[in-house]
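What Swiss-Prot lists as active site, proton acceptor is Asp271. According to Swiss-Prot, the feature ATP binding site maps to Gly109, Gly111, Arg112, Lys132, Asp144, Gly145, Arg195, Arg202, Asp281, an assignment based on sequence analysis. As annotated by Swiss-Prot, Mg(2+) binding site applies to Asn272, Asp281.
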Amino acid sequence: MSFSRSAADPADTLPDLAATLAAPDTHAFLRLGDAFHTRLPAAPLAAPYVVGFSDEVARLLGLPASLAAQPGFAELFAGNPTRDWPAEALPYASVYSGHQFGVWAGQLGDGRALTIGELPGTDGRRYELQLKGSGRTPYSRMGDGRAVLRSSIREFLCSEAMHHLGIPTTRALTVIGSDQPVVREEIETAAVVTRVSESFVRFGHFEHFFSNNRPDLLRALADHVIDRFYPACRDADDPYLALLEAATRRTAELVAQWQAVGFCHGVMNTDNMSILGVTIDYGPFGFVDAFDANHICNHSDTGGRYAYRMQPRIAHWNCYCLAQALLPLIGLQHGIADDDARAERAVDDAQAVLATFPERFGPALERAMRAKLGLALERDGDAALANQLLETMHASRADFTLTFRRLAQLSKHDASRDAPVRDLFIDREAFDAWANLYRARLSEETRDDAARAAAMNRVNPKYVLRNHLAELAIRRAKEKDFSEVERLAQVLRRPFDEQPEHESYAALPPDWAGSLEVSCSS
């Protein structure tokens, strides 16, 4: 799909974009064939209006920041014009399967999302645009295919917040709202969020064709992913084993980044795991406030399968599911005639790759924690020092984000400067004991306090998308006041900067925030 960007007349951008999206679409995923997707128009969304818009993502797609103000923008990104598109240009929903909460769920698929096309980015990559909440598809099962305003605002804000934290993620171009009612635990209103990613292929796509005993389609999918996103794997002795290794590495490194900022995904089902190793499917997520290693952000996760401390283990388990799906392809290059012998070797090779997950995750997390503690030099006891801090935080339920941010104020020589971070701990003596160990470790560093603090503030955010901040923006948006969505999005674009005019966004959560619950109900 091509798109002509004319700087001469930005007013023509939206009509050109609409025409481009309505043209026959031949981008790479669609060339895999009808077994991978179903084409259909979006369900009409009544009287749509713009709730939020990312001019950064627009620029990434070569679109002007003025796009959202152009007539027809809300209609286009609600999916309404797709009813008039020709059959060969209709959006599509893809089919996949997966494990949900550790149990095989069988066929799933895009039950409320439609990909409307692909655009070239200004960074040389190509990006798919997907409307989440665009209505029922053949894969909706019992759902109505809609997303609600609250969950759409949360996904919009968190997608962009994670990007600015430096964590691989899908992006979000816009949120479109409507007064159209949808029934959840109560009556809510419908919304559509436009997600942007190089690909929305998930572990579950591979599981689907494996479970249906279609090695031909499984291979076509793997070849698509390798050729498009992992070209170096094509030159490996076994490209499909190399794909497993690359996806395992990226997944391990991604979850290490989650842990380092206190991010809980909430629903790490295999159908919510990106083959590109990016954060995808923002549902009942949350950033940990008062630190609890057993924190469960998803009210529906009664067993704590996806608790904060469990995320690395679950990610590893999900990679096992991906490996199982790829087994029919692994070893094909070796020319082993005996199927049983080839399968046995494939299992051995896959297990060897999976065994590298801890080797990828552990050092990645250690590097992140060393940076968060302002340690430029590497010492054997650094991981233990970081773990002891987390244990002390856990015991006192010290705020995760503020603890690491305020550690930058601690002096390697003067304990009297500990108060800002010390006051976050109920057990002050336990903190003092740890701080003495930390100061001893800092004495081995060559940087002075100011240089160390500056380095720490570049990796320890002051601003994250706390649940109560999102809730306040949602409450205003329900009253048709979208200023808080915009303001919060702007604050989260600069998570590491001091923003004196927005100091309240970095404060401890109010007492009422403890009663907020997020679940899979959206």
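Counting starts with 1 at the first residue shown.
For all residues, glycine too, the Cβ spot is worked out from N, Cα and C.
Features per Swiss-Prot, on structure.
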| residue | record | DSSP (3 states) |
| --- | --- | --- |
| Gly109 | ATP binding site | coil |
| Asp144 | ATP binding site | coil |
| Arg195 | ATP binding site | strand |
| Asp271 | active site, proton acceptor | helix |
| Asp281 | ATP binding site | coil |
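Distance from the CA of Asp144 (ATP binding site) to the CA of Asn272 (Mg(2+) binding site) is 19 Å.
Here the Cβ of Arg195 (ATP binding site) has 26 other Cβ atoms within 10 Å, regardless of which shown protein chain they belong to. Long-range Cβ neighbours of Arg112 (ATP binding site) (same chain, at least 6 residues apart, Cβ-Cβ under 8 Å): Lys132, Gly133, Ser134, Gly135, Arg136, Thr137, Ser140, Gly143, Asp144, Gly145, Arg146, Ala147.
You'll find the Cα of Arg195 (ATP binding site) roughly 16 Å from the Cα of Asp271 (active site, proton acceptor). Annotated pair Gly109 (ATP binding site) and the residue listed as 'active site, proton acceptor', C-alpha to C-alpha distance, rounded: 8 Å. The full span of the recorded ATP binding residues, Gly109, Gly111, Arg112, Lys132, Asp144, Gly145, Arg195, Arg202, Asp281, taken as their largest Cα to Cα distance, is 22 Å. Here the CA atom of the residue listed as 'active site, proton acceptor' lies 9 Å from the CA atom of Asp281 (ATP binding site). In sequence order, Tyr96, Ser97, Gly98, His99, Gln100, Ala105, Leu108, Arg202, Phe203, Gly204, Glu207 make up the list of same-chain residues 6 or more apart from the residue listed as 'active site, proton acceptor' whose Cβ falls under 8 Å from its Cβ. Most other Cβ atoms within 10 A: among the binding-site residues Asp144, Asp281, that distinction falls to Asp281.
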